[in-house]
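TrEMBL lists 6-32, 44-62, 68-88, 100-126, 146-165, 193-216, 228-256, 263-283 with the feature transmembrane segment.
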Amino acid sequence: MAVPSLLPYTIAIGLLLGIYYAFMALGLNLVFGVVRMINLSHGDIVMLGSYMAYYFLIYYSIKVGLSFVIAFPIFFLLGILIYFAFVPKLESSNDPEMNSFTAFFGLSLAIEAISFLIFGNYYHALPNSALLGGSFTLFGFRTPKIYLAISALSVIILAITYLYLNKTMLGKATKALMQNKEQAISFGINPRWVTLITFAYGFGVAGMAGAIGPYILGTIYPSMGDFITILAFTIVIIGALGNPLSTIIGGLVFGVFYELLQVYISGLSLAITFFALLAIVVIRPGGILGGVQREV
């Protein structure tokens, strides 16, 4: 019997996981695109989505698929609250970028500290059966069906986001603000309303990503948000900061590259990945799609 090759399998898994990585980082890029502020609490929002799915399953027997749907309105509303608590004051400050960096970093620390108090320093996991059990054969290797489920859900949200940005009036207004805020305002677009909705949408999809995240990111614990924020920022930079849909390219590139390193140089996979990020920043500061980063 021929021994199956690891290379095509690893690339295929990298693409499947890369779709989720793109989905997980989407909210970060959406928020940056409309307010030009890096949400350093992004990973903590994803973490809260994971806890929500876990406790909904444990206490109310709500399956992860339903939690995935419920997460959007919950975190959309949370995004609205955070927007009004932070963004207007930051935008009117003397140094919005630096002040937003400090504000969202503080928010991240606060969420993490409160999570430790509420959830404790324990590790939790979601069973595959809560979403999709079983396995299938991929290039000769048994692979959990959960990867297909996660990728399918991620594709659905990425497709909805594409349609939102390109086929709706609000989405087109969002694109206009991302590309040229002053010109968009001159055409009568209300920046506060558009920014609020897109900002909250970014939080909504981050919560959804968290609901299914433990299947890809590992166990759930209060400080997991730190790594998720770094991971999401890496993916966004690989694509193009400020271009939400380029996050798809960033996620796929990161997924394949990281999985190849995991298989062939596992001990240095993370280190090499982040060194590659530094190289991209130096060679192409705008990301792989930097030349079209305003064309969302």
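Using N, Cα and C of the backbone, Cβ positions are placed for all residues, glycine too.
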Checklist line | Residue numbers, six or more beyond the limits of the transmembrane segment (100-126), whose CB comes under 8 Å of its CB atoms | finding: 35, 37-41, 43-45, 47-48, 51, 53-54, 57, 64, 82, 86, 90, 214-215, 218-223, 225-226, 229
Note to self: Six or more residues beyond either end and a Cβ under 8 Å away: which residues meet both conditions relative to the transmembrane segment (193-216)?
What the structure shows: 17, 20-21, 23-24, 26-31, 33-35, 39, 42, 45-54, 64, 67-69, 71-80, 82-83, 87, 124-126, 128, 131, 146-147, 149-150, 153-154, 157, 161, 164, 170, 173-174, 177, 228
Check: If you count Cβ pairs under 8 Å, which stretch among 6-32, 44-62, 68-88, 146-165, 228-256 touches the transmembrane segment (263-283) the most?
Finding: 228-256
Next item on the list: Return the stretch with the most CB pairs under 8 A relative to the transmembrane segment (44-62), choosing among 6-32, 146-165, 228-256.
Entry: 228-256
